Amino acid sequence: MARYRKPERVTRVISGSDEYVDFKKIDEEPTDKLDPNLGIIKSMPKLEPEEINDTLLRQTNLRSFKPGLSAVNDLDNESTPVVLAFGGINTARPDEYLNSSSVFVYHPDRNKWNFYTTMMEPRTYHAVGYFHRRVYVFGGYNPLHCRKGKMQATATTFQLTVQTKQWRKRADMRYARAHHNVTVMDERIFVFGGRDSNGEILAAVEMYEPEMDQWTTLASIPEPMMGSAIANNEGIIYVIGGVTTNKEKKPEGNLSNKIFCFDPLNNKWYRKPSLSSPRAFSAATTQNKKIWIWGGANLSEEGLLSSIDSIDVLDPKKGTLEHHMNFELAKHCHAVAKTGAHVFIVGGMSSVEASAIAETEMYDRKRNIIQRCSLLPVALTGIAVAAIPADTGGEYYEVPTSTPSSKAKPQPGSKPTSVKYKKQPDIHERNEAAKKVQRRWRRYIEQKSITKRMQQGDSSGSTMLEGNDRISGRIRTYISGYRPLPPDQDDLSKELVPVSIPFWPPDPDTTDSVFHTVRDQYRNPEEQMGFKHFYTIPRQMDPNLGMLLFMDEDYQHSKKVLGLRSVESVPYYINRFQASGTIQDNTIPVIIGTGGVDLRDPMNIAYGRSVFQYHPLKDRWEFFGYMPQPRNYHAAAYYRSAIYITGGYDPDVRTWGEMVATKTTFVYELASKNWTRMGDMRCARSHHSLLVFNDVLYAIGGRDDIGRLVSSVESYDHESNEWTMEKSMPSPRMGMAAVAHGGYIWLLGGLTSMTTEEPPVLDDVLCYDPVFKHWVDGRPLRIGRAFGNAAVCDNKIWLCGGAAPSTDENNYLVSVPAIDVYDEETMEWKQKTSLGCPRHSAIVVALESCLYIAGGVNSHELSATSRNELYMVDNDTIQTVRELPIPLTGMAAVTIPPKCVTFRSESLSIMIRHKVTP
């Protein structure tokens, strides 16, 4: 086999680096001649409804495409992957609708195209995505439906189950579109841009969840785009080039060289350095964390689309665009499919030949050559392809009758046919027959097993048991130290193929939770995009004492082993709890604890969603239900008969191994017993303070979503459901305690940015007057303290626990047991007593003359604690109360008053003392 002559690599450094850059106006070439068909298709005929129905009926019953092209009923991908090609249009004969309805299958080991089936409707310039043994066909033009000679874009979604060869119509997209593109990531399918039937270029982005058959609208592309290349790399989706609109002259369009990056977890867009020249109707794949851009089109001197033959490699980290090699024939509007180290380039349009092309080429990354493969049965452009992986491991393929591109001259002695198929053809035929028999036998056994379980009754229970056994086995594999091999070495490990478990764990769980699940509502706040750098937290400022800084590798690994998007399990302590019927007691105030993280098991996000209820007279914790999303180091407040949860870390979102702060606001209404997502804060926050003052909710300070400490303050308007910026603190800080007392908002201690070698722990006190909107200094604390908690009890401010810097040179945080009180007469902070367990990042709640201290981190034990304590203010005693079900830190708690006040505060304190006193 001849080798492709490897050309010299020419590296063009794009301005900038791997950092995100601000938007800048880039010179683009305006033109109104951006038809990807190069104007060859002048007009399409309009069909009557009867003609459309007859055409669809003939195609549905079709058993062959044309003489000489064999049809197959099975993919036959037991040992090697195959490529499916869907639809497209032949520019020479655009009214042959069978071309746009056909599905062809390509077997690389045989180098042969076969007719497979037909689609439910003809499509061209559509997009496909493969997920969980199903191929989804999204949108595209329907040649059967034309208006004024133009094909109409569609919003349909068709699903092909490749094993059974059955089509099914799924939920439509929100927008009809063609010339769009899709990518599959994290069990979701994302659709970007496109063009509608009116010729308008779209910026809309939608996300499809196959298991739920549901579409969600996401943040739009900063500019309308069609004909862009799409690829995902390390959790970020790249939208490369395309055709955009001119804002001043909407009917005209531009070729764009911009690269937009979309972060699905945060629903945000960023910019990367641009391409060296405008490019549209290209294709992109990801290999070795680099993005390969295949062909495309730019503008000629006459202002017409001109196909290009360049294959370039974009390195997102270095910001370089490296020319790798060239196609023999320049092309655009082609389709690509990647299987392992091979990339197949199918069909497309060529301005050189001024027509659609039937070429199929394969790029072999290991040998760095491009090989010609068998031609498509018909020349097609606007085609979409999907790579179907092999069902079982087997010897990887080699294109048998490959002809290298003309730029790669054949070497003497090269053979056009693979040795595997030239030697012993009888053995090959026997192997093919044996594979078919074995495949049908496995299907028969599987069907028989399912029927047997259904006949036994309670099939759901047995299925759940089987699923639990599989998950337990994978967890044991993970704990035993297994690490996945690289993809090309791990293909044969069928036992470790990720499993897809939809809706696991079931929500709501087996406990009768009164909480209702909330769908994530994507908001599109107006934010200026630009460079963002994540600032990791120093060890001297980490409340978790560095125990979670290096968990990202294991976290991602366990998700891969389990095959789950979220590693979550039902808490083991659920069986010990009786489900609470209501969150509010009739006569006694109760304490509600939300979220948190177990430092021993940070990957279990069920802990971060849990809500506990503590009844003081029963001295008992009860499991109440789940929050909509897991949170830790968030803030909570009781406001207008509802529980408000703001900000906090989301364990599912990590950057550089650290959890990322959020800006969400979740509200639980006591009357309706429902969770609702309200308006997001203007700034993402964790380790912040949330309190109510003069019937206004305030969020103060914290750490934002790029790791910086913030000084901003926000207030929430309940009527307009919006957050408003207040006067900022004099300096940024996080981990401070906050109370409302004496007409001021008091901020006690906390951490500030590390600008010197001095420890960042603060001892100062700030007081904010919301009426006159100014900050004043209060009396400093007795010692510098961070991650403490404060409460007002008996009309005094009490500061409980916290962390102070160590006395050695490292200045690491050390938990302190002190309980300090502010004496307003002497204006001094005095230590009143000490806790039995030093702790910081705990929850402190005042209940009449009682202070409850629960959870937190104990630096002396280097772990979170489940021990809880009660400080009786009236008699200055500390009692031990019922422990938390698990050691948690980063919780947030509120006190829920009773429905009707029955006891006086003195009586309630006496009853509590009688309950907890031995």
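Cβ atoms are placed via backbone N, Cα and C, with glycine included.
Database features (Swiss-Prot):
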{"type": "REPEAT", "residues": "82-133", "note": "repeat 'Kelch 1'"}
{"type": "REPEAT", "residues": "134-187", "note": "repeat 'Kelch 2'"}
{"type": "REPEAT", "residues": "188-235", "note": "repeat 'Kelch 3'"}
{"type": "REPEAT", "residues": "237-289", "note": "repeat 'Kelch 4'"}
{"type": "REPEAT", "residues": "291-341", "note": "repeat 'Kelch 5'"}
{"type": "REPEAT", "residues": "342-390", "note": "repeat 'Kelch 6'"}
{"type": "REGION", "residues": "398-427", "note": "region 'Disordered'"}
{"type": "DOMAIN", "residues": "430-459", "note": "domain 'IQ'"}
{"type": "REPEAT", "residues": "590-641", "note": "repeat 'Kelch 7'"}
{"type": "REPEAT", "residues": "642-695", "note": "repeat 'Kelch 8'"}
{"type": "REPEAT", "residues": "696-743", "note": "repeat 'Kelch 9'"}
{"type": "REPEAT", "residues": "745-795", "note": "repeat 'Kelch 10'"}
{"type": "REPEAT", "residues": "797-849", "note": "repeat 'Kelch 11'"}
{"type": "REPEAT", "residues": "851-898", "note": "repeat 'Kelch 12'"}
Any chance the repeat 'Kelch 11' (797-849) and the repeat 'Kelch 7' (590-641) are in contact, meaning at least three CB pairs closer than 8 A with a sequence separation of 6+?
yes
Contact call for the repeat 'Kelch 6' (342-390) and the repeat 'Kelch 12' (851-898): at least 3 Cβ pairs under 8 Å, seq gap 6+:
no
Quick check for me: are there 3+ Cβ pairs below 8 Å between the repeat 'Kelch 5' (291-341) and the repeat 'Kelch 9' (696-743), leaving out pairs under 6 residues apart?
no
Pairs of Cβ atoms less than 8 Å apart decide it: which stretch in 134-187, 237-289, 590-641, 642-695 has the most with the repeat 'Kelch 12' (851-898)?
590-641
Candidate ranges 134-187, 237-289, 590-641 - greatest C-beta contact count to the repeat 'Kelch 9' (696-743) (under 8 angstroms):
590-641
Helix, strand and coil totals (DSSP H, G, I; E, B; other) for the repeat 'Kelch 5' (291-341):
0 helix, 36 strand, 15 coil
Mean of the pLDDT scores, which run from 0 to 100, over the repeat 'Kelch 11' (797-849):
91
